[in-house]
Amino acid sequence: MSAPCHCSAPKANIPALDDKYLSDDPAHPANLICELCRLFYDNNWVTGTGGGISIRDVKGENPNLVYIAPSGIQKERLQPWEMFVVDLNGEKLLRTPNECPQELTKSYKYKPSACTPLFMSCYTMREAGACIHTHSQSAVMCTLLWGDKVEFEISHIEQIKALPQLKLNESTSKIEKVGSMQYYDKLVIPIIENTPHEEDLTDSLQEAIRNYPGTTAVLVRRHGIYVWGEDVWKAKVYNEALDYLLELAVKMKTAGMDTVRK
């Protein structure tokens with residue numbers, strides 16, 4: 001059974017919801033996820049129901065609320081009421097779209113995103129404000145062109161400046177932003193192996209996050225990429241910059257060029 005589509009329905013035909021987890025504010029996480037999913041769909045990052053996005057309500061009354069797009073939904077048709085909400089403390093499910101009126105759900109049974117444990121890892125280990133998972137073709141191609149290597153590397157490209165320079169503060173054991181990467185810096189992104197089920201990637205993702213304190217992303221071979229940032233707009237910028245660099249790297253590699261200047 002397919003998920004219901006309300007993308008073209010007049011608002012008057014959609015029942016009003018008395019839901020404390022939703023808002024008319026365009027900057028509310030549930031609304032932003034829908035907006036970004038449409039943008040990402042147009043970029044071929046979340047086609048065929050693939051990929052996902054989650055946002056932590058860092059500017060709301062409870063910054064531990066995490067909004068997550070459901071599994072198996074056409075991302076360009078996503079509606080705010082279709083969000084799952086999870087409490088970061090204890091990872092308790094607070095809201096499910098299955099609680100909405102049947103007028104909306106059409107008896108469709110929504111499932112939480114299979115990315116949920118991976119998103120939670122980014123929030124708990126990096127204090128992220130948003131996490132994006134795409135099936136970017138450039139990301140997949142890079143993991144193939146790099147063979148069995150466990151790191152993607154590129155340097156001396158102007159777009160690297162859009163990414164943060166991070167380091168581990170050993171006294172606090174926290175990752176801190178110390179500025180932006182520079183033109184001559186080398187970007188390193190860990191590559192982990194894919195698994196038959198998304199949630200089975202969790203341990204590998206956590207290990208990569210621990211071993212690469214300077215990264216804001218993890219590539220998954222033959223699958224895609226996870227990107228996070230301190231808020232949703234930073235995560236968006238990082239994702240766009242990384243996809244640019246990955247696409248460029250594919251072209252450089254196929255042209256026989258090194259992606260890292262010797």
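Any Cβ shown, glycine's included, is placed from N, Cα and C.
Taken straight from Swiss-Prot:
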- Cys115: substrate binding site (BINDING)
- His133, His135, His223: Zn(2+) binding site (BINDING)
- Glu158: active site, proton donor/acceptor (ACT_SITE)
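Distribution of Swiss-Prot features across the structure.
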residue: Cys115; record: substrate binding site; DSSP (3 states): coil
residue: His133; record: Zn(2+) binding site; DSSP (3 states): strand
residue: Glu158; record: active site, proton donor/acceptor; DSSP (3 states): helix
residue: His223; record: Zn(2+) binding site; DSSP (3 states): coil
Integer Å distance between the CA atoms belonging to His133 (Zn(2+) binding site) and the residue listed as 'active site, proton donor/acceptor':
24
Same chain, 6+ residues apart, C-beta under 8 Å of the C-beta of His133 (Zn(2+) binding site), given in sequence order:
Gly51, Gly52, Ile53, Cys115, Leu118, Phe119, Gly224, Ile225, Tyr226, Val227
Give me the non-local Cβ neighbours of His135 (Zn(2+) binding site): same chain, 6+ apart in sequence, Cβ-Cβ under 8 Å, ordered along the sequence.
Trp45, Val46, Thr47, Gly50, Gly51, His223, Gly224
Cβ within 8 Å of the mean position of the Cβ atoms of His133, His135, His223: remaining residues of the chain near Zn(2+):
Gly50, Gly51, Thr134, Ser136, Ala139, Val140, Val220, Gly224, Ile225, Tyr226
